[in-house]
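Student: So that we are looking at the same thing, I have put the structure below in structure tokens.
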Amino acid sequence: MKLKQRVVLLALLLVIFIFTKVFLIDNLDTSAANREDQRAFHRMMASLHIELDPRLDHTLQSPWEIAAQWVVPREVYPEETPELGAVMHAMTTKKIVKADVGYKGTQLKALLILEGGQKVVFKPKRYARDYIVEGEPYAGYDRHNAEVAAFHLDRILGFRRAPLVVGRFVNLRTEIKPVATEQLLGTFMTVGNNTCFYGKCYYCRETEPACADGDIMEGSVTLWLPDVWPLQKHRHPWGRTYREGKLARWEYDESYCDAVKKTSPYDSGPRLLDIIDTAIFDYLIGNADRHHYESFQDDEGASMLILLDNAKSFGNPALDERSILAPLYQCCIIRVSTWNRLNYLKNGVLKSALKTAMLHDPISPVLSDPHLDALDQRLLGILATVKQCTDQFGPDVVLVEDRMTLSHL
């Protein structure tokens with residue numbers, strides 16, 4: 001063999017060796033990442049059951065201090081939270097020291113201050129569990145039980161981007177009215193034998209109050225995020241127009257995602273993948289009302305999309321609003337960790353996990369069986385959508401490793 005041929009052969013062997021090594025390393029890294037995703041799933045499943053227990057034996061901190069320390073740019077609470085039951089117990093039992101009208105918005109709520117100075121948002125019960133909200137997917141009043149269910153789904157999906165929520169019964173006559181501001185107190189009334197209030201909000205009407213059963217009102221309380229983490233509001237790129245006959249661009253432009261990828265903060269970093277995670281989350285709960293979203297202020301796109309205000313969910317178990325998934329099927333990308341988690345939740349695991357997670361909430365049963373069944377059905381729709389993407393573009397394009405630096409240009 002001539003010297004020139006030997007050199008070419010050696011160079012070819014070297015190239016093959018390098019590519020083989022890179023391929024093996026990549027596969028080992030992917031396998032390690034997948035194994036960690038599986039371990040994280042098993043840890044989540046092992047911690048599903050939450051006892052609302054007041055004991056905090058290992059610390060002198062208050063439950064509010066503990067919850068405030070959990071918050072970081074990419075999660076509201078950590079993966080392992082042995083104190084979660086104590087924090088949620090405090091949310092549902094601590095004395096209410098002040099009650100006021102809720103912050104600005106379209107729906108009825110009250111802002112409560114609990115003993116120790118912790119703010120929570122109280123959303124009252126408006127519907128029975130088996131009531132079906134007809135009409136548009138964003139129709140109807142807020143559903144307090146939807147906030148509870150959405151929080152636990154956030155845990156199950158491993159996102160950890162939703163503020164803590166727990167059910168609570170309050171006595172409007174003895175717990176709220178004595179500590180209510182004049183503005184809130186002025187919206188109280190009696191309807192039959194029931195104490196009611198209608199609050200202050202865009203759609204709040206004296207003719208449409210929320211009424212207790214006698215004096216006892218069922219609702220949800222959402223833990224206010226620490227003031228050291230101010231929020232910034234953003235228009236959702238896949239938001240609806242809410243105008244009859246007027247479509248948003250994403251509803252008619254098949255290349256819309258390409259335009260989104262060229263605008264900040266979706267041109268790099270985790271925000272676009274957060275949008276797609278949120279679309280999956282919202283599709284599962286039936287929430288077509290995320291016209292805006294919040295992140296932490298001045299984050300330059302690095303912090304998470306916070307899963308706030310999930311109460312326009314679980315309205316109609318028979319309605320699967322596919323348009324909620326538009327970010328997924330138009331962009332055709334999804335985090336590997338999200339994809340893995342969804343696959344672990346197949347075959348009835350999702351329904352069972354959520355039912356277990358909510359079992360000991362004070363307002364249990366939180367959801368009716370048709371809503372739980374709908375979750376498993378919608379999960380199949382998400383998996384089928386991702387498969388369509390991988391069939392068209394290949395898994396290497398669609399399944400994005402969320403540990404890598406992203407650039408969508």
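From the backbone N, Cα and C atoms, a Cβ is placed for every residue, glycine too.
Found this in TrEMBL, in case it helps:
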- ASP289: active site (ACT_SITE)
- GLN107, LYS123, THR222, LEU223, TRP224, LEU225, GLU294, ASP309: ATP binding site (BINDING)
- ASP142, ASP309: Mn(2+) binding site (BINDING)
- 188-397: domain 'FAM20 C-terminal' (DOMAIN)
Student: By a simple count of other Cβ atoms within 10 Å, which of LEU223, LEU225, the binding-site residues in the record, is least packed?
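Tutor: Counting other Cβ atoms within 10 Å of each of the binding-site residues LEU223, LEU225 gives the minimum at LEU225.
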Student: If you pair up every Cα among GLN107, LYS123, THR222, LEU223, TRP224, LEU225, GLU294, ASP309, the residues annotated as binding ATP, what's the maximum separation in angstrom, rounded to an integer?
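Tutor: Of all Cα pairs among the recorded ATP binders, the widest measures 20 Å.
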Student: To the nearest Å, how far is the Cα of TRP224 (ATP binding site) from the Cα of the residue listed as 'active site'?
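Tutor: Cα-Cα, rounded: 21 Å.
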Student: Return the residues near ASP142 (Mn(2+) binding site) by Cβ distance under 8 Å, restricted to its own chain and a separation of at least 6 in sequence.
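Tutor: Once residues fewer than 6 apart are set aside, ASP142 (Mn(2+) binding site) is near GLN107, LEU108, LYS109, LYS123, ARG126, ALA311, LYS312.
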Student: If you average pLDDT over the domain 'FAM20 C-terminal' (188-397), what do you get?
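Tutor: Here the predicted model's pLDDT, averaged over the domain 'FAM20 C-terminal' (188-397), is 96.
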Student: Could you work out which of the binding-site residues (GLU294, ASP309) has its C-beta surrounded by the smallest number of other C-beta atoms within 10 A?
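Tutor: Output over binding-site residues GLU294, ASP309: least Cβ neighbours within 10 Å is GLU294.
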Student: Which one of the recorded positions (GLN107, TRP224, ASP289) has its C-beta surrounded by the most other C-beta atoms within 10 angstroms?
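Tutor: Selected residue: ASP289.
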Student: Around the C-beta of LYS123 (ATP binding site), how many further C-beta atoms are within 10 angstroms, looking at every protein chain?
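Tutor: There are 26 of them.
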Student: For THR222 (ATP binding site), what residues in its own chain, 6 or more apart in sequence, show a Cβ-Cβ distance under 8 Å?
Tutor: VAL120, VAL121, LYS123, GLU147, PRO163, LEU164, VAL165
